[in-house]
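What follows is one structure encoded as C-alpha cells, with my remarks underneath.
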Ligand SMILES: Nc1ncnc2c1ncn2[C@@H]1O[C@H](COP(=O)(O)OP(=O)(O)OP(=O)(O)O)[C@@H](O)[C@H]1O
C-alpha cells in the first residue's frame, strides 16, 4: 500500500522540520504514502503531534508505536472499534496517563511541561465518563470550571447563557443528578467548551444526543475551527458523522491504520461511505496480520504487530509523514517558571474548597452523620465501657446460723447493687456455679465468727482458722468482698482495725484519684482514634469516588495539581474536624465529666492534628487504591489492629516486646499517652511525654502527605 513516490505537492514553504522533509522528498529518499494528505495538513503547525507512542496497562499493550498529527485549526475525527485504545490515547494527550515510550507535543510542548497551559486553560476536555458532580446544578458546574480557568463571573455568566441555549440544556438551576443521560453529556460538553479553549479534546461527545443536536454540535465545531486558532480531536462511534472532520484517523488494536481527509480515504477504497472504507482497511489489516503472524501466542496485538512486515508499521497506511524523520525539539524552562509551576495556586484551592462546601450543603444528611457519628461513638464508649458490673448472681453458703454472727454482718457490707446474694446449701451453690448460674460462691464455715475473733485477738493462729471463709471464681466479687471485709473490720475494731486489715495502705495518688476507672484510661486514646479513623474513612472514600468517576482527571486537565487537590481537601476537612472536636469535648468534659487538668488548647490541638493525620492517611489509601470497596476494606482492616496495638484499650506496657516496638512506631501510641498526660497530669509542652506525642503526630502527617503526593504523581 505504501510506495516510494515523492509527492509534488509537498514543496510549499513551511517550518524547518517540514523543509527538511521537502528536500528528502525531492531526493526521493523518503517513503511516503501515495495518498498523503493535502500539503496544508502536513506543513501547517500541528496542534497535537504523537510520535512512536506506546502505552501498556500491565502486560496489555494498548498503543503501539502510534503516530498521529492533528493539524492546527482542524477537526480530527479519531475512529475505531470499542477497546482499540482511543480513550487511552486521549488520556496520554491530555497528560493524565504517562506514555511508556515515544513523544507527544500538544500546542507546541509536551503536556504538563512547566509553564505550559496544557493541562490548563488552553485545553477543553470532555472525558468519556460523565465526570460531573451530581449534587451540583448546571450553573454550579460551569461556575466551578469557570473559577478554575480564572474567568470573571461576568464572562462565566455570558458563556453559560450561550451554552445553555446552544446545547439545549434545561434550567441552570437543575441538579445534575436529576438530568437524563444525554443532558448530562451535554453539560459535560458545555464544561469543555466553557473557556473557549484553543484545543478541544472530546471523547464521544455525541453519544446519547439526538440527531438534530448532534448536527448542531458538529456545525459549532466546524465554525470554531474556521478561525484557524482552535483545533479539535473528537472520538465517535458514529463513523459517518466524522465525514465533517477535516482529517480522520482510523485506529485498530492500538495502531493507526490510516490518517487523511475523509474524501481521499473513501476515494482510495472506492467506498461510498467512510464506514465502508474503514471496513476494507480493517479487513486488509486482519488478512495481512493473520498471514504474517508467526507468534505462537497469536494474540490480537501480536498479530497486528506482525502486520505487513516490510512496512514501517508505526506509520499509518495512509497519511502524514512519521516520526523517525523529525528532529524532536528540545524543551527547556526557566527555574522561575518551574518553581511557579509547582507552587499551589490559591485560585484553584479556593475553587475546590467552595466546591466541597457546596457539596456538603447539598448533602445535609451526610454532614450531620459526620458530626454525629463521633458523638454517638464516644457516648457509647463512656456509657458501656469501664463501669462496674451490676446484679451479678453470687451463691452464698453460710454455715453459721446465729443472727449476730460476723458472717451476717460481713455480708451486709457487700455492695448489693453489684452482687446479688443467693443463699444456698453447699451442694446447690457448687452445682449452680458449675452450671453457670452463679458467678461465684462465698462460703462461711460454722466457726467463722469464733475463728475471726481469735485472729483478731491472737498473734498466732492455726491454718484451719485462716481457711474459715472463701470466695471462688469471680475477680470482681473478690474485689467487692475485700472492700466489704475492710469496712467490716473498720466497723468492728475501729482504731485497732490495722491489726487485722491488709498491711499495705493506699494513699491518694499524685495524679488522678483512687477510684479512677477504665473509662478514664481509655477515653483520650478513643477520642484520638475516633477522630483519626473518621477522617481516614471519609477522605479515602470521597477521593476514590472522585477518581473513579473521572472528576479528578477532569480537574487535573483543567489545571488543578495534585498538591492543590490535597491542600483544598485538608482545609475543608479541617472545618468538619473542628466541629467534631468541639462536640467530642463537650461530651467528654461536660456530660461525662472526664477530668482535664491541662490546657484545653493543647487538647484541641492534638486531637485536630490527629484528624489531619487521618486525612493524610486517607489520601494515601485513595491514591493507591482505585476502588471504593477495596479502600473501605483497607481502612477497616487497619483500624482494629491499630486500636489494639496502639495501647488505647490496654496499656502498651502489657504488650509483648517485639510487638511493643511496632506499637511505639504507630501514629496514635505516643499521641494517646501525650493526651492522657495533658488531661490527667496537667502537663504542658515542656514535658517530653507531651511534645513527643505532637512530634510523632506531625512526623506521620508529613510522611503520609508526601507519600500520597508521590503515589498520585506516579500513577498519572
Ligand atoms: N485502567 C485500565 N487498566 C487496564 N486496562 C485498561 C484500562 N483502561 C483501558 N484498558 C484496556 O485498554 C484497552 C483500550 O481501552 P480504551 O478505553 O482506550 O478503548 P476505546 O477505544 O476508548 O474504547 P471505547 O470506544 O469502548 O471507549 C481495552 O482493552 C481496555 O480494556
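Even glycines carry a Cβ here, placed using N, Cα and C.
Any TrEMBL annotation is an automated prediction that lacks curation.
Range with TrEMBL annotation transmembrane segment, chosen from 498-522, 598-622, is 598-622. Given the ranges 634-652, 653-671, the record in TrEMBL names 634-652 as transmembrane segment. Among the residue ranges 458-484, 566-592, the one that TrEMBL annotates as transmembrane segment is 566-592. Looking up the ranges 290-311, 312-333, 334-355, 356-377 in TrEMBL, the one annotated as region 'Disordered' turns out to be 290-311. Note on TrEMBL: of 425-448, 689-712, the range annotated with the feature transmembrane segment is 689-712. Feature annotation (TrEMBL): of 526-545, 546-565, the stretch labelled transmembrane segment is 526-545. If you take every residue in the domain 'ABC transporter' (48-278) and average the pLDDT, you get 91.
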